[in-house]
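Some notes on the structure that comes next.
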Amino acid sequence: MTLSTSQSLLEKTALETYVPPARPSLIGLSRAELAEALGGIGVAASQRKMRAQQLWHWMYFRGVQEFAEMTSISKEMRSQLAEHFTVARPEVVAEQISNDGTRKWLLRLPSGVSGEKAHEVECVYIPETDRGTLCVSSQVGCTLNCSFCHTGTQKLVRNLTAGEIVGQVMVARDRLNDWADRETPNGNRLVTNVVMMGMGEPLYNFDAVRDALLIVSDNEGIGISRRRVTLSTSGVVPNIVRAGEEIGVMLAISLHAVRDELRDELVPLNRKYPLAELLQACRDYPGASNARRITFEYVMLKDVNDSLDDAKLLVKLLSGIPAKINLIPFNPWPGTAYKCSDWDQIEKFSEYIFNAGYSSPVRTPRGRDILAACGQLKSETEKLTAREREALRAMAMTD
């Protein structure tokens, strides 16, 4: 296969020191928080609810980037807002476009500590014929150390704020020119689905993820239905049922093994929350039904977890859970010891699960050539060496 990658690097250095703005961004605030912020700059209590709703419309429905564009708000109020706040998103440092159309953005965030280097996360847009899926990060780095995952090789730096999570969705709409306007207020959008499957464990950043997803799914703003928003977890059991109660989005479980001994190795969180506890939490997940199935993600690792015995035990373990199983061909990254299962074996594994009554699609790898596929994300703070880039190129060309 010929590697054809279009890469546009903006004229910025990813590791230069970032100075946080003096004016906070309103992105990520709920209506109540917007009203409170308005009160802090002297807006009369009788006007706060109405003004907050105006801000909500312009920020989350229209996606404007300057208060001056909010034409339904008086010039005096716009000037007052601009004096104290911004509607800034995370800064795009680099954009890569895969030969399959997948886009990956490297986004700069404030460090939160004066004098520290900027932090970065990655966000991926995957276009398909019937949808456009945005893969969003919840943390800078990750604490889980899953052995097959590239992100797990980068230590956890910090949680993202609700604004930084919502900001990823807004950046995608900015870059894709995907906001509503007067001509197409209800037109088809390019970003139709959001998956919390980027860097980090969402349920270890519960409050910010909850607040962000409630904004993303609000039908008077960004307006992505909760049925089109999926939260993926490696199994933070105490927060699974809570997520169903407080967020109400679709649930995905990064399963990857059907025996505790192996899952302890692949997903070390299993040592704290073993399979029996995880699967019980899935059975208790509010709203789970045949119409709202839980997705179980299963990376196919050659001679590790891909035998028919594994498939049989998987079916047994999921008994009584409205489920579908996404089989993920392992996406290589420089330095990994794992290999992807042979395609024939993946098909046999999938066929057994399907014949047992479960949907078992094999996920098409997207964005491998730009390290944008499942399990490959890692912020550019830890840059690949030239040798690692050549290794990645060779991996992509042999698929």
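Even glycines carry a Cβ here, placed using N, Cα and C.
Per Swiss-Prot, these features apply:
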ACT_SITE  GLU122  active site, proton acceptor
DOMAIN    128-371  domain 'Radical SAM core'
DISULFID  CYS135-CYS374  disulfide bond
BINDING   CYS142, CYS146, CYS149  [4Fe-4S] cluster binding site
BINDING   GLY200, GLU201, SER232, SER254, LEU255, HIS256, ASN331  S-adenosyl-L-methionine binding site
ACT_SITE  CYS374  active site, S-methylcysteine intermediate
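Projection of Swiss-Prot feature records onto the structure.
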residue : record                               : contacts (Cβ under 8 Å, 6+ apart)
GLU201  : S-adenosyl-L-methionine binding site : SER138, GLN139, CYS142, THR143, LEU144, THR233, SER234, VAL236, LEU269
SER232  : S-adenosyl-L-methionine binding site : VAL195, MET196, MET197, PRO202, ALA252, ILE253, SER254, THR295, GLU297
LEU255  : S-adenosyl-L-methionine binding site : ARG263, PHE296, GLU297, TYR298, LEU314
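A 10 Å radius around the C-alpha of CYS149 ([4Fe-4S] cluster binding site) takes in these recorded positions out of GLU122, CYS135, GLY200, HIS256, ASN331, in sequence order: ASN331. Across the structure, CYS146 ([4Fe-4S] cluster binding site) and HIS256 (S-adenosyl-L-methionine binding site) are spaced 10 Å apart at their Cα atoms. Mean per-residue pLDDT, taken over the domain 'Radical SAM core' (128-371), amounts to 92. Using a 10 Å radius centred on the Cβ of CYS142 ([4Fe-4S] cluster binding site) and all shown protein chains, the other Cβ atoms total 26.
In this structure the residues listed as binding S-adenosyl-L-methionine are GLY200, GLU201, SER232, SER254, LEU255, HIS256, ASN331; their two most distant Cα atoms lie 19 Å apart. Of all the Cβ atoms in the protein chains shown, 26 others lie within 10 Å of the Cβ of ASN331 (S-adenosyl-L-methionine binding site). Following the DSSP three-state reduction, the secondary structure of ASN331 (S-adenosyl-L-methionine binding site) is coil.
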